[in-house]
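S.K.: Have a look at this one.
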Amino acid sequence: MRIDIITVLPELLKSPFEASILKRAIDAGLVEVHFHNLRDYTSDNYKSIDDTQFGGGAGMVMMVEPIDKCISALKAERNYDEVIYMTPDGETLKQGIANQISLKENIIILCGHYKGVDQRVRDHFITREISIGDYVLSGGELGAAVLCDAVIRLIPGVLGNETSALTDSFQDGLLAPPIYTKPREYKGWKVPELLFGGNLPEIEKWREEQAYLRTKERRPDLLDEN
Ligand code: ADE
């Protein structure tokens, strides 16, 4: 998979890709992530990427031309499956969306800033608009990092144990059940006895019940969706 991220603040985005699982995935050649600074695609001396709104109103709007130049340069090199715009008015990121995107070969992610981008960018270049939640960030970069993390960990080979992504919360529409490790008892706090018996069907059944109970208690909306 190849991800091209268009941003005015590449430095804000880079560190998540220089550590942990994302770095390992990149080093192993399972994913390529490229950053493109929008200012490199400007045509004036001031490297302007934004201007005031037509019709008046507070806040600057990102101009169509630098974005067109950047996206067109990328598209001249290869085909893209999606051109994603990170924006608070996009569809809310869910596990299912991360699953879908993890199957793509090449994607572009455009990070918005200020008031957002000229509507013509959205009309003519963007194939999907994603929000990471109902709050406004100062730019799309942190959202893009969240999206990339959620997607990249699903690429086969990225997680050490292939099954571990399948047992994540949300993968089966439920939250994950409680988990325990050594010691069996700490300060009198015990691990449920049944986890020691080696009765795998019984353990599996217990986990399913716990996942259901936890979901019912914390996120009943997830049960309504199924
Ligand atoms: N840019 C600003 N706010 C955002 C959000 N909630 N999700 C994605 N991109 C954003």
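All positions are counted from 1 along the displayed chain.
Placement of Cβ uses the backbone N, Cα and C atoms for every residue, glycine included.
Keep in mind that TrEMBL annotations are predicted by a computer and have not been checked by a curator.
Since this is a predicted model, take the numbers as computed values, not measurements.
Grabbed the feature section from TrEMBL, which reads as follows:
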type	residues	note
BINDING	Gly112, Ile132, Gly133, Asp134, Tyr135, Val136, Leu137	S-adenosyl-L-methionine binding site
DOMAIN	1-224	domain 'tRNA methyltransferase TRMD/TRM10-type'
S.K.: In the same chain, which residues outside the set Gly112, Ile132, Gly133, Asp134, Tyr135, Val136, Leu137 have their CB within 8 A of the centroid of the CB atoms that define the S-adenosyl-L-methionine site?
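M.R.: So the extra residues in range turn out to be Pro88, Ser131, Gly143.
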S.K.: Including all protein chains shown, what's the count of other C-beta atoms within 10 A of the C-beta of Ile132 (S-adenosyl-L-methionine binding site)?
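M.R.: A count of 20.
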S.K.: Could you tell me which of these binding-site residues, Gly112, Gly133, has the greatest number of Cβ atoms within 10 Å of its own Cβ?
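M.R.: Compared across Gly112, Gly133, the most Cβ atoms within 10 Å surround Gly112.
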S.K.: Across all chains shown, how many C-beta atoms besides its own are within 10 angstroms of the C-beta of Asp134 (S-adenosyl-L-methionine binding site)?
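M.R.: Excluding its own Cβ, the number within 10 Å is 8.
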S.K.: Of all the binding-site residues given, Val136, Leu137, which has the fewest Cβ neighbours within 10 Å once its own Cβ is left out?
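M.R.: Each of the binding-site residues Val136, Leu137 was scored; lowest Cβ tally within 10 Å is Val136.
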